[in-house]
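Participant: Feature table excerpt (Swiss-Prot):
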type     : residues                                                                                       : note
ACT_SITE : Asp13                                                                                          : active site, proton acceptor
ACT_SITE : His41                                                                                          : active site, proton donor
BINDING  : 12-18, 40-42, Arg307, 333-335, 415-417                                                         : GTP binding site
BINDING  : Asp13, Glu14, Gly15, Lys16, Asn38, Ala39, Gly40, His41, Thr132, Arg146, Gln226, Thr241, Arg305 : IMP binding site
BINDING  : Asp13, Gly40                                                                                   : Mg(2+) binding site
BINDING  : Thr301, Val302, Thr303, Gly304, Arg305, Lys306, Arg307                                         : substrate binding site
Amino acid sequence: MANVVVVGSQWGDEGKGKIVDWLSERADVVVRYQGGHNAGHTLVIDGVSYKLSLLPSGVVRSGKLSLIGNGVVFDPHAFVAEIERLKGQGISVTPESLKVAENTALILSLHRELDAFREDAASNSGTKIGTTRRGIGPAYEDKVGRRAIRVMDLADPETLSLKVDRLLTHHNALRRGLGHAEVSHEAIMQELTSVADKILPFVDRVWKILEDARRAGSRILFEGAQGTMLDIDHGTYPFVTSSNTVAGQAATGSGLGPGAVGYVLGITKAYTTRVGEGPFPTEQDNEIGEFLGNRGHEFGTVTGRKRRCGWFDAVQVRQSVVTNGMSGIALTKLDVLDGMEEIKVCTGYRLDGQVIDYLPASQGAQARLDPIYETLEGWKETTRGARKWNDLPAQAVKYVRHIEELIGAPVAILSTSPEREDAILVKDPFQD
């Protein structure tokens, strides 16, 4: 039996929600290990849709233990609001079913404000990153700068007050420089103390809980957010998120050693999408992109922003397979390609007259890439709802097999519609 890490292999929005939902039913423990409430996904259970941003997917299933690891940045007010929203849908999230790592860094209102100040200023100069304005980046900055307020500090008012002083020394200097009013010590203390009693019952030593679960033979699912190409180191920097999104972060962001990670499953869309700014070599800013966006309902769960759409980029996904150590992929949204006469796949790039087989790290080089395409025959029959290989058109099977060859990883799960039952299981990631 293997523990499973789920990661996105593109720029996020690959359809992790459905796959994580399917896996979480089989897991005993579900862990969030990076990101914040900036990346959402929708779970559909018994016809009811649940939209989650911060909470692990295990919370909507009874009998599962859900954990928020130290690699997450934690907005306490968003946490309380999400729990209340689920309560309105009949889901009870309690300290028995959910634990938050005591050493998790907090997102405060001043982080959200700084995020917005910077994006507004960058918009005026044409240099914006396209963040969700939820304070994720500034919160990670404070964590790395060793001035973050962490969940455990809510239990110690004296230490909390000193840490707020230190935090405000930094932030008020920034706010003055950006031409904005300072924040008072009293305002931040009130913001934190007003919610402390609702947060502290959930706080625990997540690393110890995970080690006990591992020793007991529990099945652990590590739930990643965003995608590999948004990784702070391995993504299309600077148009990335502020955390490591690759599979290696599952260990760092939870406190369980890397040897406990078994199967790495890369969620991979059958075409490519991206939200916000940044390079996108296979983008189709034309009727093909419109078709993919409309057929695939490509709008963000959290922001509602329209996603940019393009052809499958085998070069980029192959690189993700390597940087994550993927054991296999879950290929999603194959049905969106139904009815297309021909389908293109990027198999290389042309950069300044030379052919390359990797995504360069340089921002300038990324902007100058010309994709090299291979054109495949499409299929007229539908793949939607297929649950076994024999249900698929021959050309769709060829497309899937060719992707496996190009990226160097097998398809473990093939998703053929948003419905959780509509999938072809080739390999159960939890089985050794």
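Glycine is no exception: its Cβ is also placed from the backbone N, Cα and C atoms.
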Participant: Round to a whole number and give the Cα-to-Cα distance in Å for the pair Gly40 (IMP binding site) and the residue listed as 'active site, proton acceptor'.
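Facilitator: Cα-Cα distance, Gly40 (IMP binding site) to the residue listed as 'active site, proton acceptor': 9 Å.
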Participant: Can you check what DSSP calls Thr416 (GTP binding site), collapsed to helix, strand or coil?
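Facilitator: SS state of Thr416 (GTP binding site) = coil.
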Participant: What does the structure give for the C-alpha distance between Gly12 (GTP binding site) and Gly304 (substrate binding site)? Integer Å is fine.
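Facilitator: Here the two Cα atoms are 14 Å apart.
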Participant: In angstrom units, rounded to an integer, how far apart are the Cα atoms of Thr42 (GTP binding site) and Lys306 (substrate binding site)?
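Facilitator: A Cα-Cα distance of 16 Å.
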Participant: Going by DSSP, is Thr42 (GTP binding site) part of a helix, a strand, or coil?
Facilitator: strand
Participant: Determine the C-alpha span of the IMP site listed in the record, that is the greatest distance between any two of Asp13, Glu14, Gly15, Lys16, Asn38, Ala39, Gly40, His41, Thr132, Arg146, Gln226, Thr241, Arg305, in Å to the nearest whole number.
Facilitator: 35
Participant: Restricting to the recorded positions Asp13, Gly15, Thr132, which ones have a CA within 10 Å of the CA of Arg307 (substrate binding site)?
Facilitator: Asp13
